[in-house]
């Protein structure tokens, strides 16, 4: 096998191999079973709760969970707004970078709290080290929020008939201290030893071979990069993210970062099986997600390895594949694999410029975000998938002649309403957002000329990509878009907020309502949800609901571009 | 019943349905169905577009093309309405044929006054004699009669109804064959179960069932998605400088929304109730039919469901006596025995008792003390009864009770049978074996139920040993022996507390609490008024096995909804590939690559898609009305099967269909 392909397969297999035991461990953390880290973290957790006056043993119902989640997120938002708009004079600013404008700070604060990490700024020139540290804190906390809320849904799925679903703060603190923090420390250490900077000193001055002096930005990059990937955040320390030689120095660090970002989304699938004691269900979910992922990643790798047909026609050799916007140390297959992994799991970090990928690869990246449920982000990916399961259970339950039920709970009008709203939300945000942008541009191309580097079908793709990335809380971009303008800052901010919190509220509400329902034991006539047939059904629902509704838009963007190339 | 054989599209029903299809275009009625309502709006828009073109507008394509789109959309609406209307018409016709007999029957009141049945009020008492038609549903308060219920049940054998007890109920329209009864009217006219059922079918009081509501939400959601898809396409197209006509927008929208299931949804629900009615079951709500599909536990009375009526004599065992002599003794002792057991002995012997020509027989009746019955004639004393009773008689007379007889009795008992010992002149001469006859094919039906995931429970007054034997032989999963009414109730409550849904059938007043408690309670039409009020279905045939059919009807109903939803949504894939290239090809010729069906032209592609979308509705009406066949092969296998047929079929059929229509349409463009 081609060694570059082998590298890709290796990354996937290694991720799975680490995710299986990690999933079991996370399941134990959710179940409050003993783990070997307890001795270290039990006292720390207790201290947190004592200081904050939270009674961690108080049981919450689903509504109380959501109130807790939204209120701490609101507090973080205010705190980040204050820091981002005042960093110029606050400490830890050796490079004297300026404060952010109001709309950019709004966008950036939301972006990091929503686990999106869409960046309309460039870290080197637009952010102080204090700002970076605050953002890094959100990278922990937003991921912790996602994991904690996934724990609530898992517990709700396990319970027979109850509205007592554990304590949100407790799940949240445990997610941060027992899952994110230890792994991030290990990953950051590995990265530091492989050439990544970790310093609070300002820019370094280097004399090049030609004798010129160059200012080189640096900072606490390793710590930032570890949690950026572990928490599926994706916000780069530097503007070009993990394509930057300090943020991803070698093929080895590329593998480490790749595995780190897919680790928790994988592990949470198996944690679900552990918590509700249905390992087969986990494998069904993993199977469906992996099929979806494969269907996106394989054509992308092929397309990138084949190169750009327009360049081929010019008689230029492309034996390395399409290398525009890619780093030579990673090569096209690893870049293609990364581009799909980072879009399906909502990390949004990049090691190559998505704007420069061949059209169909760009489409697959967008599809990964439009579907947003193949693995998905930290915790929230499972929540998105849960909504599709509910829809699939409803249709297939009818097909076997019973009122649909999932894990012994009947799915009725109320749950359908919520599930449908959540399934609708994503197409709504993406299509309406892009429609407004298209409308503005079409009716006043002179005023918005700075938006698009390429106003044709590719320009349409750039706008579609930006909104999709915001709605999916992904954060990557087709960087040809001039996005630091009030419209994009505010529009993307709103889309990110809605795209983050509604898809959390919906599934938690469904799971909470179902947990409170009467439990029906399984019989021969009950639809089994851990079978391949049902998996196929879920896949079909995802393909038709999530993917096909974007067909017309994609036809005008990447598909048209593909046929025109 | 003749109605069972009628074809789906009868001429008179068709006429009514076609008329109703137009009546239902009223937006107020249409609004109940969000999917089709949006199609109606689209149709109206197309109407104005056509008018606009006639007024000279150039940008929207030819009038003929736009007008054709308008006509096809209009037909789509009519087809959907027709589906509902034909289902209603069929249900109504079925109910009417049941109702016809009971209208305008004269009723003779106690005081001799004769009034029309329509004027009877609840509580009135009327008299019915042999040869008369019973004027209204009611309860016999005096007398006993044989009644021909064939008008209702199609069963020609007359039944006996009498005052008091559990068989006191009579149905309007049935005919008294013998004797005279006084009947008290139990329901106001227009409020009988049948009337309620007709109202349900007609739509006035038809309420959406919870499952129907949930499905409507799903379909409304799909409609909304495609509203978003279509509306946002306008600025996208403007950005790409791709003009799209209004007809194309509306066609895209109508094709993508789930019109197939949206148009057939209410027809499926009505057809479910109609199927129940065809099985001679009156349901009090659509929900009851649905719930029947979810049943986990079935409580079945042994007698009549699992076994044929009562015990029957199955074999004679003579001892030290000629078999003919023994049979003669057995027959004579049963001559005056009116119990089914007694009759079955004569039946088994196959001899007419009169042929023995005995003189002056004295019949000894069965009493609780002697526990035997018999006959005295010509100085002979024949007795038959329980083994210890006869043993006592024989031993008191100094005769030995033969060991062989003792053994025979034991064997019969352990086989679930009941032994009757016969003695002639205090000497034991043999044993008659009575057995419960398990209905043929019943164990296969239980097997079928087991595969559906339904647990069957036999309810019997027998002792636990006999009950266990019969339960095993018939293949039921559990049994309640020596059952009292409260035992049924407790069993139902226990199963329900564990989250299962329970169905039962009953007829007596003492069944009423359990019928009300059960999730599906089917009352027999012959049962008491209390039982009928308590249940949520009434079985006109009084057939205890009907529960099984009811469960299948419920499952069929849900399955039909599920499969047609799947089919409808799966169709979208092909429709996308027909319409999307058609929308953009003119401005971006490169998108011809998406035209994988190689449709003739943008216009023909759009027309073919909307035509396919319209005609698939009437083509599926027969399926919607008959229901998707239920196969008890386990849920996963069933899902696989239905996904293959309706899912994969739903993907492939429109590709083929649209292509074929395009070939035809291309000839005219």
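Backbone N, Cα and C atoms are what each Cβ position is placed from, and that goes for glycine too.
TrEMBL annotations: computationally assigned, not manually curated.
Given the structure is predicted, the values throughout are model-derived calculations rather than measurements.
Given the ranges A:203-222, A:223-242, A:283-302, the record in TrEMBL names A:283-302 as transmembrane segment. Residues A:136-157 are the range that TrEMBL records as transmembrane segment, among A:136-157, A:312-333, A:334-355.
Highest Cβ pair count under 8 Å relative to the transmembrane segment (A:283-302), across stretches A:6-26, A:136-157, A:178-196, A:418-441, A:536-560: A:536-560.
Taking every listed stretch (A:66-90, A:136-157, A:178-196, A:418-441, A:536-560) in turn, the largest tally of C-beta pairs under 8 A with the transmembrane segment (A:258-276) is reached by A:136-157. For the transmembrane segment (A:6-26), the list of distant contacts is 35, 147, 179, 251, 255, 258-259, 262-264, 266-271, 273-274, 282, 301, 333-334, 337: same-chain residues at least six beyond its ends, Cβ to Cβ under 8 Å.
Panel annotation: around the transmembrane segment (A:373-398), residues 115, 142-143, 145-151, 153, 231-232, 262, 264-266, 268-269, 272, 285, 289-290, 292-293, 296, 344-347, 404-406, 411, 415-416, 419-420, 422-423, 473, 500, 503-504, 506-508, 510-511, 527, 529, 534, 537-538, 540-542, 545-546 of the same chain, lying at least six beyond its termini, place a Cβ under 8 Å from a Cβ of the stretch.
The transmembrane segment (A:487-515) makes contact with the transmembrane segment (A:66-90): 3 or more of their CB pairs lie within 8 A, with pairs spaced 6 or more apart in sequence.
Nonlocal intrachain contacts for the transmembrane segment (A:178-196), taken as residues 6+ away from its ends with a CB within less than 8 angstroms of a stretch CB, comprise 25-26, 29, 35, 37, 41, 140, 143-144, 147, 221-223, 225-227, 229-231, 246-247, 249-250, 252-253, 256-257, 260, 263-264.
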